[in-house]
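Enquirer: The transmembrane segment annotation in TrEMBL covers 12-30, 79-97, 118-142, 162-183.
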């Protein structure tokens, strides 16, 4: 049964990790990390991402402006850029390594130990990618909550709220960690070596012959 379910779990881990990596890349470039709805003008919604700030108007669509300087950004956005780049890179490397370690891939069939190591390294990279995707979105969410409930800011000043990109980033990190865990389970699962099958069949045949000789009159 382990030999039957092992390729299925490996493919499931790769697909879930691929979904997480795509969502992580999408989170990096989405401008909706923070949303700001002005009470004076409800037809405009301001959004802020890692690369640009945008204003969404009901009639004019979306207009965006790139940030002029990396150093002028708040600390959470600067660190988030670096962490998201690291998450995307480690996720891509994990996909490449674990892809070559799949049992259904005919390349390197006789090098099972090396394929296991590739799956192990790929799963570890998925874990790292998932953690480094969750950390920046959680940090931005934490700073947004602190600013929202800051009593030193007057009540008339608009407050930033959670953007859609934060929820996409949390989902991406969860998928990457889940995919890496599935790959790790396939390595730790009990395997039945094909070389032991002929010996088991021969032993079963010997037992049958003994029973036949004992039952003969």
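Keep in mind that glycine also has a Cβ here, set from the backbone N, Cα and C atoms.
Show me how these features fit into the shown structure, please.
Expert: Residues 49-51, 84-85, 87-88, 91-92, 94-95, 98-99, 102, 123, 126, 129-130, 133, 137, 163-165, 168-169, 171-183, 186 of the same chain lie 6+ residues outside the transmembrane segment (12-30) yet bring a C-beta within less than 8 angstroms of a C-beta in it.
Beyond the ends of the transmembrane segment (118-142), by six or more residues, the same chain brings 10, 13, 17, 20-21, 24, 27, 33-34, 76-77, 79-80, 83-84, 86-88, 90-91, 93-102, 162, 165-166, 169-170, 172-177, 179-181, 183-184, 186-187 to within a C-beta distance below 8 angstroms of the stretch.
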